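Step one of this worksheet: look at the structure below.
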């Protein structure tokens, strides 16, 4: 097991990464100060529940914890206020109080929804992240929680830090290939924004990572979480440097929104967004052409797309990007790269550049 700490102004929490950690969950809870007198509610979705809910609940029940399970339908389209209200109702029926904890067992959608339940239930109770996808190694760290609005992703939300993150890497072996591939997008992102040596390591270990070699996967997750922890520790509420974690997400979120969250996985959309961000970086900041080449080659090595192949209307994409949470006064705002590992938030980007990039990355399958 490998562990690291996210240090914040008023608190800190541990991230544990390794094999067989669900069996150690009661011990980890005790070390985190969560006694058996506190009720626990596992919130998960309809895809994860049949695989892991009983296993986790049994470990906790055997250790003497009173544990409930609440399940909502899987999928980004169910990350909404209606599900939030229903889940809060089930927490009330189970008798959770302010000393109780929520356990978010699942991927990024589950973490966002369960975390927002915890943030809003009785004005806030603690929660623990138990990510079950590679993609969620990113979203489970940092305390961003929330649900979607029909006009865009994560428009309703809060910052609510977990008290612990436990990533059992054994769960990755049960994921469909597309989900595994999708998850590597956020791993690549962490390397591109922060650590050139991590980029090189990913380039050298792509095949082993796609084959889910345990030691390599654990190392990739650890290094990705280390980047996320370093950024969040400096800027918990995204008032400054934390915005760099949105690299690739302006185009990515727009793609998800205009396609109704049905066509692309989050990782696929972010991969296309990073390819677009590299191209926009060259146009706006004069970045090296090598940034584009190396970014796209690394993404394609992980079998991720760098073009979108549906004729989404350009004006819909542009409008969605103007609604991005980083935008101000209707101006475009993107996280762009001056060079590999050096990124920053740039505001007031001219629409002609954004439109040109959309034309370059649209209409293909590569």
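Cβ atoms are placed via backbone N, Cα and C, with glycine included.
Annotation comment: TrEMBL describes 71-181 as domain '3-dehydroquinate synthase N-terminal'. The NAD(+) binding site feature in TrEMBL is assigned to 108, 109, 110, 111, 112, 132, 133, 144, 153. Annotation source TrEMBL lists domain '3-dehydroquinate synthase C-terminal' at 183-327. Positions annotated as Zn(2+) binding site by TrEMBL: 186, 249, 266.
With residue 266 (Zn(2+) binding site) as the anchor, the candidate binding-site residues are 108, 110, 112, 133, and the one with the nearest CA is 108.
The number of other CB atoms found within 10 A of the CB of residue 133 (NAD(+) binding site), across every protein chain shown, is 28. Within the same chain, the residues at least 6 positions away from residue 112 (NAD(+) binding site) whose Cβ sits under 8 Å from its Cβ are 79, 139, 144, 145, 146, 147, 154, 157, listed in sequence order. When other Cβ atoms within 10 Å of the Cβ of residue 249 (Zn(2+) binding site) are tallied across all protein chains shown, the result is 25. Other than the site residues 186, 249, 266, same-chain residues with C-beta atoms no more than 8 angstroms from the centre of those residues' C-beta atoms, the Zn(2+) site, are 135, 138, 139, 185, 189, 248, 252, 267, 269, 270, 273. Residues in the domain '3-dehydroquinate synthase N-terminal' (71-181) partition by DSSP class (helix H, G, I; strand E, B; coil) as 48 helix, 32 strand, 31 coil. According to DSSP, residue 266 (Zn(2+) binding site) sits within a helical segment. The helix, strand and coil residue counts that DSSP assigns across the domain '3-dehydroquinate synthase C-terminal' (183-327) are 106 helix, 1 strand, 38 coil.
Residue 108 (NAD(+) binding site) has a Cβ environment of 24 other Cβ atoms inside 10 Å. All protein chains considered, the CB of residue 186 (Zn(2+) binding site) has 25 other CB atoms within 10 Å.
Between the alpha carbons (Cα) of residue 249 (Zn(2+) binding site) and residue 153 (NAD(+) binding site) lies a span of roughly 11 Å. Residue 153 (NAD(+) binding site) is surrounded by 25 other CB atoms, counting those within 10 A of its CB over all protein chains shown. Predicted-model confidence for the domain '3-dehydroquinate synthase C-terminal' (183-327) is 94, expressed as mean pLDDT.
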